[in-house]
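**Q** Here's a structure for you.
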């Protein structure tokens, strides 16, 4: 299965109409590559990538029912970064611990280190999966009129 440059990029017009902008399409191969880089958890399998930032990525994760671990829900969001650049994720975990129990904040189920391909170590923050998108998405949809 070959691919050409037209398949790997989507051409979009800028709002001003003066230049063309290329938006990369995420492929199944990219998802698989990211799974290999970060690996799976002791009781969960890493699924598709649902977000990406400067230092890491967010994945859907499914509970490994064969692990016998039942404290996690069947589906979670997992934020992952290489251990060497995971400082902001560790700080996020501290904040999540401080506000634990608030009905207005997603749950944090803990953290875990995984080993991916080439023995790369990843820090993973295990979070409640919110299927409605990001807070920024919700604000945009409300046109500034509140959530």
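The backbone N, Cα and C atoms fix where each Cβ goes, and this holds for glycine too.
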**Q** Of the ranges 1-22, 23-44, which one does TrEMBL list as region 'Disordered'?
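**A** Comparing 1-22, 23-44 with TrEMBL, region 'Disordered' matches 1-22.
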**Q** How many other Cβ atoms sit within 10 Å of the Cβ of residue 79 (ATP binding site)?
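**A** A count of 23.
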